[in-house]
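*Asks:* Have a look at this one.
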Amino acid sequence: MVAKIIDGRAVAQQVRSEVAARIQARLKAGKRAPGLAVVLVGGDPASQIYVASKRKACEDVGFISLSYDLPNTVTEAALLALIDQLNADHRVNGILVQLPLPAGIDNISVLERIAPDKDVDGFHPYNVGRLCQRAPLLRPCTPRGIVTLLERYHIDTFGLNAVVVGASNIVGRPMSLELLLAGCTVTVTHRFTRDLRRHIENADLLVVAVGKASFIPGEWIKPGAVVMDVGINRLESGKVVGDVDYASAAERAAYITPVPGGVGPMTVATLIQNTLQACEDYHDTTMPEA
């Protein structure tokens with residue numbers, strides 16, 4: 001068996017094109033384009049790359065992009081004050097604070113300060129709670145992006161045994177909730193899981209997000225499984241690989257996401273979707289006209 005490649009770049013471009021078309025329709029109707037405020041604290045190179053891609057994506061679809069680059073010496077109080085300002089700004093429909101934050105700033109306090117209806121990353125406890133209650137509003141970007149890939153490839157998830165490897169707040173935990181909504185029987189594995197191989201060998205749908213290059217060998221993959229690889233790992237050679245050994249896994253899986261070009265592009269595309277959703281569902285009545 002040779003797996004069918006799930007092309008995240010192509011689907012992400014479809015999503016962006018759909019959003020761009022809706023923005024043009026808004027502008028023709030006399031409405032203002034959505035606004036996304038992106039806050040970057042410090043000069044972490046990886047964060048700078050991620051933020052640049054998000055800002056460019058905003059501009060490409062016609063959003064108003066507001067940038068706030070703060071030094072790593074900024075105090076938590078000053079960062080919270082900026083978030084309060086953005087919460088009250090009617091031009092801003094979404095607020096994104098790039099993680100990780102420098103030492104001395106509490107991630108939880110910062111994420112909780114963002115108004116839930118502007119939390120386009122989907123990390124606020126209110127939005128995670130809504131997902132848990134089977135009534136999602138703004139959903140975490142990477143898990144929602146994975147669900148979009150499954151939907152666009154017409155992969156029927158009802159009744160599947162799904163295994164999530166990794167239990168982070170950003171991917172693993174919300175991914176498990178998304179898969180429950182999608183009708184799967186879900187197992188979440190983590191660093192204390194015993195006999196990881198046994199769990200993976202039983203997975204009809206496997207989502208891996210641990211940040212370890214080629215951590216899952218292909219021989220563990222159940223024949224005919226769907227493999228969603230969230231990992232992005234750069235080797236000393238400069239090559240970027242996922243958390244799953246791609247070549248060997250592709251010989252057993254029915255569908256697989258490549259790295260790069262699989263899940264990654266969907267994270268940014270979903271951020272764009274969430275920002276438009278926040279604008280249309282929560283802020284249209286308070287936004288000034290164009």
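Any Cβ shown, glycine's included, is placed from N, Cα and C.
What Swiss-Prot records for Gly166, Ala167, Ser168, Ile232 is NADP(+) binding site, and it gives sequence analysis as the kind of evidence.
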*Asks:* State the three-class DSSP label for Ile232 (NADP(+) binding site), counting H, G and I as helix, E and B as strand, and everything else as coil.
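*Replies:* DSSP call for Ile232 (NADP(+) binding site): coil, neither helix nor strand.
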*Asks:* DSSP secondary structure for Ala167 (NADP(+) binding site), reduced to helix/strand/coil, please.
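*Replies:* DSSP assigns Ala167 (NADP(+) binding site) to coil.
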*Asks:* Using Cβ atoms only, which residues of the same chain lie under 8 Å from Gly166 (NADP(+) binding site) while being at least 6 residues apart in sequence?
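*Replies:* Within the chain, Gly166 (NADP(+) binding site) has Cβ neighbours under 8 Å at Gly172, Thr189, His190, Val208, Ala209, Val210, Gly211, Val230.
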*Asks:* Over all pairs in Gly166, Ala167, Ser168, Ile232, the listed NADP(+) binding residues, work out the largest Cα-Cα distance in Å.
*Replies:* 16
